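Have a look at the structure below before the remarks.
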Amino acid sequence: MSGYFVLKASGTQYMFNLHAGNHEIILTSERYTSKASAQDGIASVQKNAPDDARYQRLTAKDGSPYFSLTATNGQSIGRSEMYKTTQARDNGIASVKSNAPGAPTKDQTQA
């Protein structure tokens with residue numbers, strides 16, 4: 001099973017998650033003020049995910065590794081969860097690279 005995006009609304013804001021084939025969330029977006037902007041964010045993830053240079057490998061204050069996926073303009077378009085090891089973070093990046101391009105979107109904004 002391949003990955004998929006879930007587009008959600010929360011009040012007047014929109015966001016999306018990228019799920020791996022096992023249904024685990026591997027990337028969470030920023031919040032958007034319009035559905036169209038969130039859909040553009042999904043398209044940007046699909047476009048930028050294969051490019052390793054678009055990933056910032058970061059460490060939280062508590063030492064937990066995580067990553068941020070950035071667009072060509074340098075703006076963050078999604079972040080990972082906090083991982084226990086850098087290897088787990090790198091596996092998360094590999095999962096985004098393989099699951100995001102061409103992933104369908106499940107629109108839950110009408111639910």
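Quick reminder: no glycine exception, Cβ is built from N, Cα and C everywhere.
Feature annotations, courtesy of Swiss-Prot:
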- 86-111: region 'Disordered' (REGION)
- 9-57: repeat '1' (REPEAT)
- 60-108: repeat '2' (REPEAT)
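Long-range contacts of the region 'Disordered' (86-111) within the same chain: residues 2-9, 14, 16, 18-21, 26-27, 35, 39, 42, 45-46, 49-50, 52, 55, 57, 65-67, 69, 78, 80, each at least 6 residues beyond the stretch ends and with a Cβ under 8 Å from a Cβ of the stretch. According to DSSP, the secondary structure content of the region 'Disordered' (86-111) in residues is 14 helix, 3 strand, 9 coil.
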